[in-house]
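Reading through the structure tokens given below for one structure.
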């Protein structure tokens, strides 16, 4: 019932969005909530083609996920099904409030808090220790963004203005908007909550990491991008976006949890959107936001099917030969992965190709150019790694597991996959008229560089496949540079213990010998000395990052 209603609303909003785009219509409804002398609080409902098309995509994906969750949660009790349905509807409603009331702080705080509260309740849905810990981290990080919005609301009240329909925002308000958007879109240094949110059910992940929670921050930045035009914050946004994209792509090549790999790919694409936003191309960022929502929801739904058939196991090292057991889901998964890599003539190609060409035409330094190209290579690398380990490797699961496909689960995936195939082309040709006006001027070898990157990623995949031969390098990367323990809970050590069993045995032997040879006090002194050296090294790394930031600015 809810799935059909959301699908019907999506089609209606899509038709209205086309009409508003062709006729360049804009509507605004204003309603006063509270008035006290000269102070007043009002909300505005702003309707244009951007909000209509984005809400249509959100409702379309939500309707498919609602249909998909009927089969995914078949074995749950009626109480848990009703609770899940209520929280999902609250989540979608909060996103609609953010989309249509973005230019009013009183309306924005309602949708912003609603997203945070409903996401917290969905993360702790399973009511276990891991879910409760993950939910606490999620709500604490998101509350930082909520505080930033409340501070902006307070400043607007002091200036007797509760809307954002102003020609100028001061520096403090611009910084607070950036903080709020960074917390919601999980940019560095607010990224840990994104992987913790994987404790939620997979249908929630398909909705949260495709078109709702993490895209809310990008949507706000797209809407208020004009305030940052020609400002000193653009270089900082470019640096944060490139660092987020690079670190997320690197971690995805080492992670073994299927949901966390796809979540890290989402984080990488959000960094790419922030980079293109910092260059002032908000239409191109919006275009990639819509195309990314399509194929990323398909990826999560395919991952949910794999997890459902593997009895809740999310470790890709225990998967294998899924192509023969789940052929329809596997084909959809391959197509969505190709779209993520930017394979020609899929939906991801039309946006990512334009983004890369626009970045090649920009005048950023060589360090940014190298980080961008390495990140794109690692995107293809972890996509190939994920596909090969799940679908084409040897069977690693127990023969007692009964793997089968149900039409209720794969029919929504087929519809979303077909939409993701044609959506990029249709948006590019008929709707994104500002993007069609771009004139790309590149030399032939720069144009061919995009194709060369895809072939280079195959070699990069081989490097990460045999990364167990460099355990010391990985451990130092973990402790000193990327602080990975904060990001995904020592999955690196699990990876090393699996891929290099001899290394784990050697570590145990060395530890035993140290305990036998040295007295406790001497060993304690060595640990203190090691901790002191780690602190010094971390300080040097932070100083180096600060120098790079100043150089980029």
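Cβ from N, Cα, C; glycine included.
Note on TrEMBL: of 18-40, 41-63, the range annotated with the feature transmembrane segment is 41-63. By the Cβ criterion (under 8 Å, sequence separation of 6 or more), the transmembrane segment (172-195) is not in contact with the transmembrane segment (328-346), since fewer than 3 such pairs are found. Per-class residue totals from DSSP over the domain 'NADH-Ubiquinone oxidoreductase (complex I) chain 5 N-terminal' (40-74), listed helix then strand then coil: 24 helix, 8 strand, 3 coil. Across the candidate stretches 84-102, 202-222, 261-279, 408-432, the maximum count of CB pairs under 8 A to the transmembrane segment (285-307) is reached by 202-222.
Counting Cβ pairs under 8 Å to the transmembrane segment (41-63), the top-ranked stretch among 84-102, 202-222, 261-279, 408-432 is 84-102.
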